[in-house]
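Accompanying notes for the structure given below.
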């Protein structure tokens, strides 16, 4: 363990530190490479890359992947650049490939590469051709078909549940089945039958291209003598048969390849030659390259694989006796299984001496340790490889020679060999499964000491550990334990070497790694095949009797082993002495130090007593304070002096005791110095734990107490919070071992995890796997003839995993379970009965067994429901399993943990700095392509993702995935995590189809490992949902969301934050279907959970409140539409109040139609009021999209009906009568007093992401995520727009403090309310005399405005003012099945009545108990906003049917509801309208239209100071004035508002101009990005991540990047491209007011080069016809497990914790609540016709600017802190919102913009990212 950082380091000034760290920030670099054929390839690299990395990038690029033997030259640096050259030093970054001559070895390697590239067409079994997922139907069928993805239901149905909750499992199947029946119709049946875990046969389908014609059938060395004389440069000849079946002979020479006798055709590359001489090869190879690009155009090509997974490649199943190697490992062409030391040249190495020199090397500074660690890593890796080779070699000899016959008792003894310094001891395993042998690398047998001595040794090592603990412990460093084929070998260095002074000066001479650490030893390559070669005829001749006899013998052997072992186990005494792992001591010290530091911090905060502040004293005041302090100190001393004499007698006895104590301490100190080194003792004293005053025995007892009372409960608590999220036994073991916990405590973990069924399930499965492992190992050890091993293993697996069908099988089943129960009881101290766990995840158990015992199986769909699922030939081989100490860089791991901790706290700049340093450290120690480094790449990718730099994140994660696949295995948890994370990154880069491939692969592996009932799986469901929604499959997305909800409810509880996140995601999904009343119900549950768990002050709670308010307003809009006479949809669902998941699913069943209609008739409430416009559901969709996506970090849960009911009850208590069922006449409003409102915070620990970070982007624009470099320089938030490649640059998501005003901007909603506003511009139609731009205000806009004003007036903790009673909706069934956007939901509207609640605009604070006040404020703001809009309309348009709705008085009790007095409201509304209209005398019609569309924007952002943003400024000002006036005059009372305006009480005026949905649609298509259809500012909250690691380790989700603009404006116009909505996604959901992602956290602006995505760049209006889609930027799930790959836990929290949002901008200014104007310097392309392509909702012309200076000044009051942001954002149209090619400018917009009213300048209220829409694909 590393010592506490910073103790010995001098303090640096903050500025100094920042400067230094800024230098290490990585950036994306484009590397241009010229190929030999003079074409150019552009690679995307990172500034930390070297020439070695460029070679790797070339190897995974389709144009250059077949090049192997070349050097790289640079016009300045010269030729043959070394692999270590940094690419940042190459100016310009343009390289040239120079072909080099071949040696025979290199020519062989070149052929191996070609075979490797084409292997995917033959080696990985059957595959399906890719299917385009553009149409809903196709995607529906493809849901489970895209590579490996399956619907959650499939997995649920097929994979057995945890066994601990079989009942939920059944209901789950049933409800999901119902859902499938409706949404997938005919496909549902097959979906349910297809269960991923049972489809092991599809394991390799993800990599298989067998649907293509193999370009090459074979390549062989030619055995024919060449006809011509062999040339001097010729190396050898090969025979090639290409795809057409035509054979060719090719000569390999030093200069290249050519057909014999045709040297004029000489080509340096074999591919080029074959393309010239064979058209069929050319066509087949070209088709393969195209398939590679379709698979993943950014890299991660499916070759370079090694057979390193327990499931062998399908090609092996055809010839198990020969095991055809994959090309990389094919010895015929120079391949091998990796590693070093095969040749035996290291047999005589002086290991003892070199380990001793390592331990003596200087290691005081990080630099010294890095040098030492590099040598230690290389030496130890070499030692491990040599040891494994030697051990396996000796074991194979023993097994083949049958030297260890079981009939000879002596044979069970040791077989020992000595090889140089190495001693290899091999022993046959005991066929007794109950035998417990300690064969750990640091166990009693290896170290040859007793248990007590071992416990003391490990504890002392742990409590004195530092960065060098591993290297200094040479006795364990030099040990490897290998188990293989029923034997165990212990390899250790002969003896410790005593160094003298001369040796200390020596250095270790060791070779560097080849290929940067890639191609490490694949232990599977050392397999022992279990089938001897035999001809097919001999197999056919075998009689069935022989096979059945063999099976009978094997079965009796298995039965005998179990029976004998069970007898011995039952009489085995319980073990009393428990060992101690050294990690426990290290964690214990850290725990105590953390406690001490927290106490000291609390004391610091408590000690200083607040002194009364006396202002105006200046320096004299400070002087007086100092004098007073001195007097106090003197007085204190004199008092002590007076007391002293009285205590003299006591002092004498005390001194005697003191002497005695000192004597004891001296004795203990002497003893300690004998036990540990002097430096270790000093470390122990400095640790301030007091351990140096205790004896070892006392410490052991204390450590055991810490273990039981603290360590175990803390582990379970971290499981519950999802800070740790193990997905299988391996990750569970790693987490426990890293904390020093023993696996024998699994029983205790199960007891403590009573409320965590997924953790209990993992523990139970791991205990069962271990019980099975002992049986299987004993059976293998008991087999006398190696030829019978395969049969015995298959028979044993049948007994353990099969389903009994006959009497004999039933008996075997009985004794098997008796063994398991007894084993668990004896070894784990837990009483378990298998009857309570009917359904086990048998494939998970099979996988665990294969890992632990070392089995390789054929990939096929094993029928576990039969008695004999396994056959002899299914068991291919046994592979060695070995253990050793891990040796890497402790400093690197510490930096990784620091990075993760910073990420958790939202300190993105620090997280990037630490992550970059950690990566550099691990690259220096382990090499860039070693499995240890992959964890650093992965973590840094997640950190960069949170900063919004998706390009860089993707590049790093691709590197990690490539390493994990090739070095760790295709189903390793780290590999799984990389698939999931990469899917999220691709999604954020708007490559939805590609993202779906990878997320489905991750989901397939999750089902295989942890099953469907796991938080990581639920989190992945949410990611799949958002991607499915992006592919226009809204109903499929809903099914995944329901699955996630049920899963989270079942696993984490109905009141867990993750469950709330699932409710929230579903609420957004429903809103996309216009089912707002259902959204309200689900969001109410979200809010209640968050209020109870986090409190009303938490940002997530506030966000949820904002969303609820938004949904309520939308539901009211629907009610208004209903009054207009639009067809009344089915209200059956909404009338039921909050529905449980199963109830919702019931609505999807076919027979529910009648019930739904009945319910509809009953539930239809009567509504008073005049018809208003029917709003378009545009922004909501986005909202949903984003939100669904955002759950990325969440793991969704779902709850049963009962849970829902109980939840609803509690909700009703907290939020009075949220249940819509209790609705009274709809014309009455029920004001509900929610306790507090919550929203998901992107950075939250629970995986919540900010719903709507401060920035919102302008409504209409459909923008792409801005991918910019991370700029940590706080001096300038804005970065120069990078126009070079049209890259979008930095998005800063501003954050605001809770006291700042939260103002929503039009179109870019900072809160859900703002979304409502967005709608107002929606109806801007030019062809209508009542200009749609000024669109008559309808209730929707009124609500929006009210929300906006509300935000202005309200303090951060917003209370949801209205509980909407929505009554008239389509049935859930109709909603779920209807294509997105086809159903217009209409809900009878209830207008809220509100009481007066004067508030200070600047920092009004609302008490939690004062919701009524908040409600009143909301109403007032609503009125103001509406008034503004109506006024504008009056000025330039004909007024049509305005509906004025006034809020009648509300009593203080939120429960009381009064009728809305429409008439009174109308009377009072007009005066205000007139006043407002007069306020804007000089505005042109178009300007006013723009303003109206922006009225919503009023809240937009306080950055009104922008010179170009006068328009929005005016709007804000007007709205503020209105709000003020209203607030002041509510109920006739006038209060001073910040603006000082007061006016008679007015009511909300809602313009009732009726507008058809189709009109709105037309309008939408006309909009340009900036003023585009009032894009309801929907930002989707992204949920904090996980376990991506998402899995922290592997399970988790990525929260949306902190730095991403919270809202990407979405153009609601439909787009034809398949990923339309993806580009328009908004990263976060609406947010009421300040608050950072988590609690703190700086949003770091990054200039990120855009990732290639050319398909959606053009901006034709007709392109926007696609259905709405979820926010692509929504946070995705990255399962949140904390460990770094390779079992090095980065931190208990996992990598992916969402960052905490700090409220400081990049330039150090506090973020404005509405700082929408974050400059996003995206280079913007101006439309060629010279028109700004879209109106910017707040951008004003120079004309307006002069007219509204006063107002902009006033606006500064509203948000001064936005000033900095605003100034930058308002600069030029380049920074502005002027749209690139998003949408063609319509004539209407042209008119609006003619007057210059809306130039492209960016205004502070504009949240558009300035992103350039066109992104070129460069890779």
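Think of each number as a place in line: the chain as shown, counted from 1.
Glycine is no exception: its Cβ is also placed from the backbone N, Cα and C atoms.
Source: prediction; values computed, not measured.
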Looking at the candidate ranges 1413-1456, 1677-1720, report the one that Swiss-Prot labels region 'Disordered'. 1413-1456
Per Swiss-Prot, the phosphoserine among 598, 1244, 1259 is 1244
Between 617-648, 649-680, 681-712, 713-744, I'd like to know which one Swiss-Prot lists as coiled coil. 649-680
Of the residues 1320, 1501, 1600, the one that Swiss-Prot lists under phosphoserine: 1320
Mean of the pLDDT scores, which run from 0 to 100, over the domain 'Clu' (329-603): 86
DSSP helix/strand/coil residue counts for the repeat 'TPR 1' (892-925): 31 helix, 1 strand, 2 coil
DSSP says what for the repeat 'TPR 5' (1060-1093): how many helix, strand, coil residues? 31 helix, 0 strand, 3 coil
